[in-house]
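If you look up TrEMBL, you'll see 63-81, 90-109, 145-168, 174-195, 207-229, 249-273, 285-314, 326-348, 360-380, 392-413, 425-448 marked as transmembrane segment. Annotated region 'Disordered' per TrEMBL: 460-493, in sequence order. Annotated compositional bias 'Pro residues' per TrEMBL: 480-493, in sequence order.
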Amino acid sequence: MPLPDPAPIAASAPLDAGEAAALPGVLPAPEAATASESALGSAVAVPAEAARWTLDTLRDLDPVLGLAGLVLVAVLAGDAVQRLLKLPRLLGWMAIGLLAGPPALRLLAPADLDPWKPLIDLAMGVLLFELGSRLRPRWLVDNPGLALQIGASSLAAGGLVGFSLVALGAPAGASALVAAVAMSSSPLVAMALLHASQPRGQVTERLLMASACSSVLAVLALQALTVLVPPLVAGADAVAAETGWLHALLRAGLVLCGSVLLGLGAALALDALSRPVRDPGTQAVLQLALLVATALLAGGWGLSPMLTLLVLGMAARARMGHRLSVAPQLGSAGTALGVLLFVCLGLLSTLEGLATLWPWVLAIVLARALGLGLGVLGTARLSGLGWRQAGALAMALQSMTPTALLIGLGSYGHSLGQEDAERSLWQALLIATTLLQLLGPVLGRYALGQLAGEICPPPRATGLRGGPPASPAVAGIPAAPGPRPVEPPPTRA
């Protein structure tokens, strides 16, 4: 049977709404389109719901909620790294931050950390206060060789970094600022290793002292270079043009002296407030409250909060002596802040441009390692260290975080200048910092444990090392019968 010609159907008049309603299954054109669109929307509703958890959706989350979730993931990752790979937990924390940052998944950007900045500053301040409370400045006076060792290693590391960068064609002024940053070792990594591995010994104490003193030396060098050298930090040219180099020098001196004086005043206040307090828990709360107040005052007055808290810890220990009891990280709240801090350090890390900037990055890493090694080994005998201990100390000092930048410049976001070469050199410094802050915990744990032998192994299942073994009946194995008691001889009647 032949099919009907479609031309008459197309040429016929369209049905009105009433006729269309009378015919079953026939709808006007607009309603049919609406029905088809609704059917299509219901068909794709499930895939759209499933696509809510894609990377783009995660990037659109609230940064505060996103960073809180990232900290939870970092805690699990740190435990997995420590249990499976036998590596420090903070390596897993920083790795999670690096993966979530701009170099990888781009879930969070450095600008998203602004709501968390008070907590990040407090976390860093807690570690620096605890570090300062462990230091004995009198040690540098009693052992001049130790002071010479710290100064020689810092200056050698910075000098070799600056010389190698200039030899590779980098700008001289920008290379000087990078060299000043390279003088410092990370006190944050040193304190994290102290909490995680509990090392005890000569190398550990020297590591803490050297990391703190090298950071202070780097801060002094940064403040001097940003004034004496033509503007290296973005925005410094406007300040120098308005006030002149003499006023800028006075301003840098006021920042440093004001931070030290505020730290000393806070130490006196802590001494006075702690006298009527005897409970250790109450002392921890008092210390935390004073840390917050001191950091807020330093930030409001334009001082360096991190340097102030480091001086506060050192002055409080010198003033109070054994009456100062500082819990590790000021309790469990400080531990959570520590995880947040290292996750944020991972977020601030970058590897962008490594393929093109690798000569400068390699020069920074190798020259710094060579300078630290020469400085520590060259003064080992003068400071009372053996060669093996000196090698362990030089390896443990390789860790590097932007602590000097945060203490000296107040922000991680400064740039060296407006020229392309200066920006490239700044990027090379950030890449080198990323590599060294990831390798630093591994090298530090190996140096303190394998070379120096100052990390005790964890307790074994059969008992503590050198102590009596645990009873096998605890593990479900019946204990072996012991010897029969000796019966007394029978008495004669």
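Quick reminder: no glycine exception, Cβ is built from N, Cα and C everywhere.
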Would you say the transmembrane segment (63-81) and the transmembrane segment (145-168) are touching, if the rule is that at least three C-beta pairs must lie under 8 angstroms and be 6 or more residues apart? no
Of 63-81, 174-195, 360-380, 425-448, whichever stretch has the most CB pairs under 8 A to the transmembrane segment (90-109): 63-81
With Cβ-Cβ distances below 8 Å as the criterion, list the same-chain residues six or more beyond the ends of the transmembrane segment (174-195) that contact it, or say none. 88, 90, 124, 127-128, 130-131, 154-155, 157-159, 161-162, 165-166, 204, 207-208, 210-212, 214-215, 217-218, 221-222, 225-226, 229, 232-233, 328-329, 335, 338, 341-342, 345, 364, 367-368, 372, 396-405, 416-417, 421-422, 425-426, 428-429, 433, 437, 440-441, 444-445, 448
